[in-house]
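K.L.:
Sharing a structure here in structure tokens format.
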Amino acid sequence: MAAAVAAPRLISLKAVAKLGFREISQIRQLAPLHSAIPHFGMLRCRSRQPFSTSVVKAQATATEQSPGEVVQKVESPVVVITGASRGIGKAIALALGKAGCKVLVNYARSAKEAEEVAKQIEEYGGQAITFGGDVSKATDVDAMMKTALDKWGTIDVVVNNAGITRDTLLIRMKQSQWDEVIALNLTGVFLCTQAAVKIMMKKKRGRIINISSVVGLIGNIGQANYAAAKGGVISFSKTAAREGASRNINVNVVCPGFIASDMTAELGEDMEKKILGTIPLGRYGKAEEVAGLVEFLALSPAASYITGQAFTIDGGIAI
């Protein structure tokens with residue numbers, strides 16, 4: 001939702017409170033793909049013979065091992081987090097820093113806030129550096145990754161969180177408002193993911209978590225640009241997950257709903273009541289709750305078999 005991103009506009013909150021989310025009426029069946037692309041619906045076992053006993057035993061042995069025995073655990077992983085100076089990005093940076101990660105805190109304009117985040121991580125006993133840059137620009141992304149590599153020698157996890165809103169109704173939306181949101185929220189994710197994959201492929205290991213939004217799944221009035229970008233992040237991440245799987249690179253998506261922020265705190269009682277009425281759990285989410293999910297996907301051995309998935313953390317809005 002709009003409240004899950006930096007500096008959202010009130011129009012989206014009003015629209016949701018007034019009209020709610022429209023339920024998708026039908027799901028269209030996709031036409032058959034070109035024959036050059038595998039048709040997964042036709043996959044079948046070529047052999048009528050049962051699996052060999054040795055294969056079954058090998059699978060059983062693997063499942064009996066704990067996740068920590070199957071998956072190599074990285075000590076003090078190096079993490080790059082975009083848009084990490086405030087809000088959800090800040091909560092993620094602090095959670096991963098507290099977990100022992102070495103964190104690069106990216107920011108666009110909030111240098112002072114980013115330094116405070118880095119300071120807090122160091123107070124936890126971790127390591128952190130800051131980097132000011134626009135992730136919609138390839139030169140800035142390359143410089144950011146190089147900064148982390150020069151400092152720590154590797155990059156284990158990338159969290160793409162940076163984003164903006166330029167909310168207005170579709171019929172009033174200027175192309176500049178469309179372009180700005182697509183550039184940062186979608187192209188920025190592409191550039192950072194591409195740069196990260198190049199590094200991770202060499203060592204055959206890595207995790208990428210892209211922060212989307214429940215709006216990317218169900219849309220929202222006044223946010224055509226934002227919905228397009230966040231929906232694109234989900235589809236892009238699924239493709240990246242397929243391409244990175246052979247090199248043990250996991251790519252997943254987190255889709256927050258209404259997350260408590262300075263903006264939600266300023267809403268009147270009537271407006272808040274209407275908004276909460278659209279959330280089955282009846283409350284806003286917390287940035288720390290989103291950070292907890294990201295921490296699991298980024299660090300837990302139990303998440304090693306999860307890739308290409310979009311996780312909603314929205315109080316039930318997208319049910």
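Each Cβ is built from the backbone N, Cα and C atoms, and glycine gets one as well.
Residues or ranges marked as active site, proton acceptor in Swiss-Prot: Y226. What Swiss-Prot lists as NADP(+) binding site is 81-105, and the listing cites similarity to another entry. If you look up Swiss-Prot, you'll see S213 marked as substrate binding site. Annotated N-acetylalanine per Swiss-Prot: A58, in sequence order, evidence recorded as a large-scale study or a structure entry. Swiss-Prot lists 1-57 with the feature transit peptide.
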K.L.:
Taking each of the binding-site residues I81, A93, C101, V105 in turn and counting other Cβ atoms within 10 Å of its Cβ, which one has the fewest?
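P.N.:
Ranked by other Cβ atoms within 10 Å, the binding-site residues I81, A93, C101, V105 bottom out at C101.
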K.L.:
Let's check the environment of G89 (NADP(+) binding site): how many other CB atoms sit within 10 Å of its CB?
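P.N.:
For G89 (NADP(+) binding site), the 10 Å Cβ neighbour count is 31.
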K.L.:
Take the C-alpha atoms of the residue listed as 'active site, proton acceptor' and the residue listed as 'substrate binding site' and report the distance between them in angstrom, rounded.
P.N.:
9
K.L.:
Just checking, which of S85, S213 (binding-site residues) has the fewest C-beta atoms within 10 Å of its C-beta?
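P.N.:
If we count Cβ atoms within 10 Å for the binding-site residues S85, S213, the smallest count is at S85.
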K.L.:
Are there any residues in the same chain, six or more apart in sequence, whose C-beta is under 8 angstroms from the C-beta of G97 (NADP(+) binding site), and if so which?
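P.N.:
Non-local contacts for G97 (NADP(+) binding site): V103, Q120, I121, Y124, G126, A128.
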K.L.:
Roughly how many Å separate the Cα of G89 (NADP(+) binding site) from that of S213 (substrate binding site), to the nearest whole number?
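P.N.:
Rounded to a whole number, the Cα-Cα distance is 14 Å.
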K.L.:
Expressed to the nearest Å, what is the distance separating I81 (NADP(+) binding site) and the residue listed as 'substrate binding site' at their Cα atoms?
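P.N.:
That separation, Cα to Cα, works out to 17 Å.
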K.L.:
Inside 10 Å of the Cβ of the residue listed as 'active site, proton acceptor', count up the other Cβ atoms and send me the figure.
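P.N.:
Result for the residue listed as 'active site, proton acceptor': 30 neighbouring Cβ atoms inside 10 Å.
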